[in-house]
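Presented below is the structure to which this report refers.
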Ligand SMILES: [Zn+2]
């Protein structure tokens, strides 16, 4: 790992960076779910700048940490993550498939959480990565998030590794629908049902009691009557081999890897860091708190994504 050193000359360089990054629109971050951290160290900014400048085809992997500044909590952050604040855990795939009451509970909570969850907006970090794509710096983006914020930001060269809560599909016939469309079906089926949303989770889940859930009506597929499931890889399920191979191919075309806002605890994402190590690609991590690959990364930075990424200057490689 690079060592952090204080150099007075770097501060001037950073002010210069600030001036040149005006194209990135700034949004006021909601920091309630962001772990406490120090402002970016000037030396670390210079090190990340060096890392990004040296990359011609950057592979970026993001996790819940990039969306906390949009007001969505993550699962694992110390003190502010969902696991630290509550005893709730996300639904397991097998439970959703097996149990009608588990699906009823899931959809009731999802129905209540949807208006708020779907209204979250991308923050500065999402916008910066979108700009890096336009400038020809970012070769491929893989997100472990299911919140659609990269899509809302305008990223296109992207794989949603664990799917997206904004899409729903039928387990029987495979028919796909937009999540926003079935909100109306939910309302029609449950005209008098009401519950308060509080504590929306990274997948749009909220807290509801069993009493609140038991009268909730769940719509079936309008084509075949099958079970509807969000297009999301639940815990306990696996990412399709086709998608994994596709991401490996994009990684093989890349020359370095940046992890932003992820502790990489989940194997489905971690395997790509292992593949990057095997290919001896330089790896940089931008995450508040430890990650699973700290010991083999070439650079580790403990800063907010939305604070550090806009400081990095990227020239247009497409012209
Ligand atoms: Zn169907």
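Glycine residues also receive a Cβ, built from the backbone N, Cα and C atoms like all the rest.
As the structure is a computational prediction, the values presented were derived from the model and not from experiment.
The feature domain 'Deacetylase sirtuin-type' is assigned by TrEMBL to 38-319.
Neighbours of residue 75 (NAD(+) binding site), defined as other CB atoms within 10 A of its CB across all chains, total 20. Secondary structure at residue 75 (NAD(+) binding site), taken from DSSP and collapsed to helix, strand or coil, is coil. Annotated NAD(+) binding site per TrEMBL: 63-83, 144-147, 261-263, 287-289, 305, in sequence order.
Taken from TrEMBL, the feature active site, proton acceptor covers 162. Neighbours of residue 162 (active site, proton acceptor), defined as other CB atoms within 10 A of its CB across all chains, total 24. Mapped onto three states, the DSSP output places residue 162 (active site, proton acceptor) in coil.
Secondary structure at residue 173 (Zn(2+) binding site), as computed by DSSP, is coil. For residue 173 (Zn(2+) binding site), applying a Cβ distance below 8 Å and a minimum sequence separation of six or more within one chain yields 221, 223, 224, 226. Taken from TrEMBL, the feature Zn(2+) binding site covers 170, 173, 221, 224.
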**Request:** Around ligand 1, within a Cβ distance of under 6 Å, which of the recorded positions 67, 75, 162, 170 show up?
**Result:** 170
**Message:** If you count, for each of the binding-site residues 221, 224, the other Cβ atoms lying within 10 Å of its Cβ, which residue has the minimum?
**Reply:** 224
**Message:** Beyond the listed site residues 170, 173, 221, 224, identify every same-chain residue whose Cβ lies within 8 Å of the center of their Cβ atoms for the Zn(2+) site.
**Reply:** 171, 172, 174, 175, 220, 222, 223, 225, 226
**Prompt:** How long is the line from the C-alpha of residue 67 (NAD(+) binding site) to the C-alpha of residue 162 (active site, proton acceptor), rounded to the nearest angstrom?
**Reply:** 15
